[in-house]
Amino acid sequence: MVDKNIYIIQGEINIVVGAIKRNARWSTHIPLDEERDPLLHSFSNLKEVLNSVTELSEIEPNVFLRPFLEVIRSEDTTGPITGLALTSVNKFLSYALIDPTHEGTAEGMENMADAVTHARFVGTDPASDEVVLMKILQVLRTLLLTPVGTHLTNESVCEIMQSCFRICFEMRLSELLRKSAEHTLVDMVQLLFTRLPQFKEEPKSYVGTNMKKLKMRAGGMSDSSKWKKQKRSPRPPRHTTKVTPGSELPTPNGATLPSNLTGGVPFIDAPTSISSASSEAASTVVSPCTDSGLELSSQTTSKEDLTDLEQAGSPREITTSEPGSSEMGASDQLDPQEGAHVEKAQSASVESIPEVLEECTSPADHSDSASVHDMDYVNPRGVRFTQSSQKEGTALVPYGLPCIRELFRFLISLTNPHDRHNSEVMIHMGLHLLTVALESAPVAQCQTLLGLIKDEMCRHLFQLLSVERLNLYAASLRVCFLLFESMREHLKFQLEMYIKKLMEIITVENPKMPYEMKEMALEAVVQLWRIPSFVTELYINYDCDYYCSNLFEDLTKLLSKNAFPVSGQLYTTHLLSLDALLTVIDSTESHCQAKVLNTLNQQEKKETARPGFEAVDGNPETNKSERATSDGKSTGVALDARGLHFPSGGWLSTEHGKPGCRDLEEAGDSGADKKFTRKPPRFSCLLPDPRELIEIKNKKKLLITGTEQFNQKPKKGIQFLQEKGLLTIPMDNTEVAQWLRENPRLDKKMIGEFVSDRKNMDLLESFVSTFSFQGLRLDEALRLYLEAFRLPGEAPVIHRLLEVFTEHWRSCNGSPFANSDACFALAYAVIMLNTDQHNHNVRKQNAPMTLEEFRKNLKGVNGGKDFEQDILEDMYHAIKNEEIVMPEEQTGLVRENYVWSVLLHRGASPEGVFLRVPPGSYDLDLFTMTWGPTIAALSYVFDKSLEETIIQKAISGFRKCAMISAHYGLSDVFDNLIISLCKFTALSSESIENLPSVFGSNPKAHIAAKTVFHLAHRHGDILREGWKNIMEAMLQLFRAQLLPKAMVEVEDFVDPNGKISLQREETPSNRGESTVLSFVSWLTLSGPEQSSVRGPSTENQEAKRVALDCIKQCDPEKMITESKFLQLESLQELMKALVSVTPDEETYDEEDAAFCLEMLLRIVLENRDRVGCVWQTVRDHLYHLCVQAQDFCFLVERAVVGLLRLAIRLLRREEISGQVLLSLRILLLMKPSVLSRVSHQVAYGLHELLKTNAANIHSGDDWATLFTLLECIGSGVKPPDALQATARADAPDAGAQSDSELPSYHQNDVSLDRGYTSDSEVYTDHGRPGKIHRSATDADMVNSGWLVVGKDDIDNSKPGAGLSRPGPSPLVNQYSLTVGLDLGPHDTKSLLKCVESLSFIVRDAAHITPDNFELCVKTLRIFVEASLNGGCKSQDKRSKSHKYDSKGNRFKKKPKEGSMLRRPRGSNQHATRGGHSDEEEDEGVPASYHTVSLQVSQDLLDLMHTLHTRAASIYSSWAEEQRHLEGGGQKIEADSRTLWAHCWCPLLQGIACLCCDARRQVRMQALTYLQRALLVHDLQKLDALEWESCFNKVLFPLLTKLLENISPADVGGMEETRMRASTLLSKVFLQHLSPLLSLSTFAALWLTILDFMDKYMHAGSSDLLSEAIPESLKNMLLVMDTAEIFHSADARGGGPSALWEITWERIDCFLPHLRDELFKQTVIQDPMPAEPHSQKPLASTHLTSAAGDPRMPGHPPLPEIPSEMGVCDSEKPESTRAPSSSSPGSPMASSPSKLSPAQEGPPPLTQPPLILQPLTSPLQVGVPPMTLPIILNPALIEATSPVPLLATPRPTDPIPTSEVN
């Protein structure tokens, strides 16, 4: 079966042959002889061949292609026929009729490329001709892009490209065709560069020998005069002049170019000629000209005609730096004869495509066309091509790198703006194709291309940045981006120059500079900054390089400055600048996020990988992060309710802690080339740590300063650098020479002066040795040498410099001349020649030296011989053509070339190493440098912009900055950010009344507020200063009533709901105002809606609703609830911010302070787990508010409530409970007047506290505090004076004395035991810094600034306690039922609550402890006294003006703006808060008031009775418990003496006290309780002394009190009470008569009882007592008589005793007949008359001895301990009682026995004994003897007795312990 492809070819043959035959050429009527026409002949041959085969693969591609290609080559065919042939060829390629694997394919492709690129045809009209050209393009495109195209050689590819370029740049062709050519080129370039990675680098030798064939020319149009129209005949004669290789002809522009002259006229001229001018402006490759570089070779259809073409040319590429010459490669020139052979052509001729390369001859022509070298070439498919000569059939080498390099070079040459041949179109085309090339291939991997990029390409691109054509400018920016994106590591200094250029464009103030250029430059910067790691690389490679600009820093400053519009209007440039700044933030933020996630993943992995460390060890990544987290300060990342919390600081990535050079693998493979990255010499390893970079930057600053100083005075500069340690001392010449060579900022003139100095000869030698002169001609070396410094003018200096130079040059080049003198002479001659040739002054005088003269001057200088003439000639021409100059001092191109060559030179040195770093390295350093400018720019843009997107972008920027600062723990950054944002919330600036509407209607403020709160919630950990601003915003929201209800409602003890609002209720206006207003509106006849008091408008209401909604989303409360997650430092700052709103400030507002206080308290409670750390702050603040308050106000009340709330919640925490209870003493330090106003709150608070926490109170001191508080609040007892004195002493800044400063009489350091505090040091004035953050644990309480006052001091302030005492106290009644404290006004409801609290303690046995029992008893007695007569004391002295106001308040606020508009606090709101005002209690509910007071008394009675009955069992259980525990501490005795002293006696006194109440009900109830108590079984254990004490302390004082007219209204009731009391007396006496008889003082006791009988008989007005008393007395006398008490033991016969006499003597005074009634029969003999007076001394002696020596056995003192409380008080831990010596008549408690060893046992009495007066005393005649009841009212005794009963203590005496309370 015949191959279908054969038919396709046959069909194409028929079409082409048919067209040829139809052509006018054959239209004669002569039959065509096909044999004679070569074209038809070859077609007929092909037909025969095709007919003879069945498979197309049986014949070579060349066979079936040749006839078609001959048609294409033929000059005689017309356009349409050529077009048909081209179509056929295209079809063969498209249909893949050519087998790529066939061995003849390569040759076929080569022929095809040659034919199509040299196509000729007879033109018809331009349009038809263009169709043919279009088809040529099509074939060339298909040829290169189909698989068979890979067989093309380098030369063919270059020809193909050149053909396309010609069409593209031929301006006479239509735009469509040109654009098609352009697209074709794009496709071809893309293909070639896409294949680039498949080609391997050619060895240098190969490149050198072959590249000469591949010169594409960026053609050059010469001057118009040079070129003529070429007219050609169809068959011109051939002139081929062979030129030997190597011959050069000078070209018009002075460059010497390798030439190749070929004969032949390849063109048929176009019918329309072009004017010379337009051609010059147009493309460079259309018509021939002498220096256009176009090849003029005659190529006819037969291949053999081409054989006489010869390639020639120098292998060396010569370039010139003059503009215009471009990089013209080897070019050819028209043979001079050529013009003579040009003849007139036919009119039907057409212009053909100008031909391709002058040297690209067909590879089939010559054996040397395929480079002959000894290497085989293997194409990408693995086919090996062996080079051999043509005769053996050369294998054609497929194209590779050489043609790509040539194409690349050509494209670069097109972009040279200084080449006059390059039109704008060409430059643009070049840039476009370079873009395609760079986009398609990793060009940097190819070294041959890299060289071109580094030099010409970058140079042309930078030059294009200065052109004014925006399209070229934009295109060059695009190419630059591609370059630096992919290969910046090879282009360090090029990148520096590029960025500097961009910065210049951005900042230049040139009005001609279009705005768009700046915008594009900025966009280019932004684009670069977005490349990952780019910014970091800028920083590390430039800012951290000694001799580079600080690119990153400068750019950041520039962008920041540029983000601020000068005019106030935001343009794109400003936003672009912001974008650039934000890219740094964005990338850093994303790295931080990644690190956090990575850390979390690591942690998860670690958790799953336990046990064992396989996961950690096996994974280098893990190790790295492990190292990071363990080295840094950070302890990892905690997740909680708020999402992520970032560690506060520390380096978190590889940059932290010096990663050794073991990290190279990680760092090195980031760039395009994965080879080992070179390390810059300035770094210790590939990723230096940040500390090292900072050192380098500091060093760089010093170097710049040193350089500046050197440029003024070299020595000074060197000295400066030596001082700073950058250069060694003494000077190291090598080091300095190196510095002089590598520092580009040094002034060349100064270098010259310094090194040429005679003193620095050694330095000069070192300096010269830094040059490498190997292989350089002397003049070249000299040129290099003299570029490094300015040659001074003096001859000796020049001599020195040249001498050292020539020595070094000789040693580098193996001493080429006879001796050093010859060398020196030649060098000098070169300098002279340079001066002669180029110095204007010299040229004016003499003609410049010729070559001959130069040679002549040097005759015989080379050791007597001549130098080589060629060398001299070369030197002469080099100097003549190019002056040796100091390029830095030149301008224009000379300087530019020099700067560029220096740049290339530096790039090739180790300095040019560009470090690629992994993304995320050095983020912290970069952020530290950029955050300031960025936040400033963000704030500005946020403020000025109205566009939603821009605002969102700014906010996103803020959030990212916050996230980064949180990640790295940068508080200052975060504070700055929060402060900036707070300004935009509009909360700080607005007045309160406008705030809701202004804030509500400002969307930007909403965004800012939400952001502030969101950031504070999320990153509060690192907030410091910023808290103040946030709190200020919160306060504003509070003032404007925009906060959620939960934040303004606070706990309250008294309010029935348990909560009150901190905000005043809205009241329309108070009564007075409204009256006036209504009157005014009535006068003006206006309705209320017209008056000024109008309701808020709907807009305002809507705005307020929006504002409330926004605040709800902000969730400010979260700030408090989540404060428990804050780091301690941040928490302390937050508390500081809240504390700062105190009454000291000028613009203080009470409500604000209360709000801040409440927030502070809530925060403390939220942080109760670590309350110890913040306790000091909050306690100081509360102290300040409570103790400094001069008057009651709402804030004081909130402070008191707050203190109690804290105590209630914190007492459960063991570690802080002691301090918390101690802090409650703050309340005792308050001014009594202020404290009384908050008594309700305190009473309710204490009740709550005891109910919830009684079990957590353990120490006696703490109980003492609580009971003292209960006493002060419940009964108006004044707080202990010791505390008050210290509180007063704490005037602002006075600083009270500490314990150590006070004179102390405490032996044995009792103070350590006291456990109480003064405010002297801790509660310092807040203005004073220093003592705030001390921890105050119990152990350290004494040192922490508390004045520790123990219970003893409070009970018993001794003279040494630092209080001034106003002289001795007046006498006190020793036996009073009352506690004797001066009770101030108190509040019955508070008392009731306190009694409830007491009841709670007493009724629960668990809460009664040895520590609080006596305190409890004492407090009960004080409450009893307070409740007496229905709390009559609470009625006295009560101020009636307690309504809530803060008039006299020290905390008054100054009026501030808008304060008049603050709503007045509603009268119903806080009116009764402080004073629980009397009007309400006294007037409003009198009945309930009395019910309450009655309730109190009954409760107290019940409590006392309960305690009394349970005392014995309680004490015995304690004693038992202590025995089991065998613990130390105070021994607990359960004997009757202890019980009497500590429990029974005081309780009985308390009950007795209530027996004296004015209310009958209470009296009777109390008497019943007393009777029950006295007769209780437990009391039977008491001995005589205790019973005597019972009479003295309980019964006698009771009877005395009842003698007073207690209840005048209830006479009968009083009678009954007195009767019951006297009956009780006699009952008790008789019941315990036996033990009482053992008393030595029995007589006195008995007489006292008789005395009371006497008084009671005469006390009442009714007969009740006068009848009852005699009966009682009779009963007692009879019992005593029966017991033979009246019989004298020693008298003879048991006669009547002295007692009998005294008894009747006393009774006779009031019942004279009783004796007769009772004892008629009984006659007691009188004693001896000689002894009437001896009895008196007896009584006296008894008393005296008893009183004088209390320790006498069997003789307890009658007055015992002279106190109303007796012994029982001596050990009471009543720390809550302060000395009240200043109040006259106040009773004192006895001194504690533990105060000092000397005071054990009862103290000695300090008064003389009482003396019984003789009965015959004249004073007593007819008067009941008042002196007998010595234990009664001493004031009365004193009044009736001639002898003072008590001596007044002398001032020098120590104050009696009995007077100390």
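Cβ coordinates come from backbone N, Cα and C, glycine included.
Residue ranges 488-508, 530-550, 1664-1684 are listed, and Swiss-Prot annotates 530-550 among them as region 'HUS'. Confidence annotation: the region 'DCB' (1-211) carries a mean pLDDT of 89 in the model. Take the CB of Thr507 (phosphothreonine) and look out to 10 A: across all protein chains shown you find 12 other CB atoms. With a threshold of 8 Å between CB atoms, the same-chain residues lying at least 6 positions outside the region 'HUS' (530-550) that come near it are 485, 488, 492, 496, 499-500, 583-584, 587, 670, 680, 682, 688, 693, 696-697, 699-700, 703, 742-745, 911, 914-919, 921-923, 925-926, 929. Taken residue by residue with DSSP, Thr507 (phosphothreonine) is part of a helix. Applying DSSP to the region 'HUS' (530-550) sorts its residues as follows: 10 helix, 0 strand, 11 coil.
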